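These features come from TrEMBL:
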BINDING   R50, E116  substrate binding site
BINDING   E116, D143  Mg(2+) binding site
DOMAIN    1-219  domain 'HpcH/HpaI aldolase/citrate lyase'
Amino acid sequence: MLEKAQGLPADQVFLDLEDAVAPLAKPSARKNIVAALNEGGWGSKTRVVRVNDLTTPWTYTDVIEIVEGAGANLDCIMLPKVQSASHVEWLDLTLTQLEKTLGLPIGGIGIEAQIENAAGLVNVDAIAAASPRVETIIFGPADFMASLNMKSLVVGALNPDYPGDPFHYILMRILMAARMHDKQAIDGPYLQIKDVDGFREVAKRSAALGFDGKWVLHPGQLDAANEVYSPAQQDYDHAELILDAYDYFTSEVGGKLGAVMLGDEMIDEASRKMALVIAAKGRAAGMTRTSSFTPPSA
Ligand code: GLV
Ligand code: MG
């Protein structure tokens, strides 16, 4: 399974020591993960290990064994069920100790914080700001639903009894904290792995808000994830067009204009900022333009 993950078109891969590993299997899982990280083959993927949360007896040993064994081949530790800034501070200090002892670059290993219960969400601003190592805030919908006593077993799905999206507030709250502190916001898993349409539907909601991506649990969900979090070709082309047109019209030769018409649309500095977001997502996804900007002839 670890080998298969290496060849998949995902930006990141995380190797789990938490909920996908039975308590008695944790020691052997640590060893397998160290070996998998050191044997390489992960290409440019971000390599992440999810340790157990700080209410368990395992977190300390997880972090020590993984970083001592494979710290040079690890990009981030994912900390689940983070409830307060102190959890992140503990991990930050422990990583610093390990990096100093092992001669690794200080601060080199990042932190991904999973928000999975009410305490985590209420404290999400402080969690995002707790360490410069924090790169990503991740929504953990399954644990979150359980912790709130939500009356549903389908992660992320709408509930016909509720006239709205029960996850809207949670997603938006995480996104606000992530954007305020310049972190990535990532949506969590969709458990019905055969139901790709269901995955797509849930993913579209967090993508529409501005989330940067979503977990996939199975290769079958990958194409849908890459498609949903990348802009549509038409939107990407349009964003690049706005950027070129705005560059031209604000220039000396273009007339030093601040607000201009592009077809039927008025564009200004705010349009440029929105276009930058879409263009950046498209470029990151390796998209190519299918149209170009032609300055009006004098
Ligand atoms: C992921 O960890 C989740 O609980 O959804
Ligand atoms: Mg969880």
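Just so you know, glycine gets a Cβ as well, placed from its N, Cα and C.
Keep in mind the model is a prediction, meaning the values are calculated, not measured.
Distribution of TrEMBL features across the structure.
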{"residue": "R50", "record": "substrate binding site", "Cβ within 10 Å": "23"}
{"residue": "E116", "record": "substrate binding site", "Cβ within 10 Å": "24"}
{"residue": "D143", "record": "Mg(2+) binding site", "Cβ within 10 Å": "21"}
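E116, D143 are the binding-site residues among R50, E116, D143 whose C-beta comes within less than 6 Å of an atom of ligand 2, given in sequence order. The DSSP secondary structure for E116 (substrate binding site) is coil.
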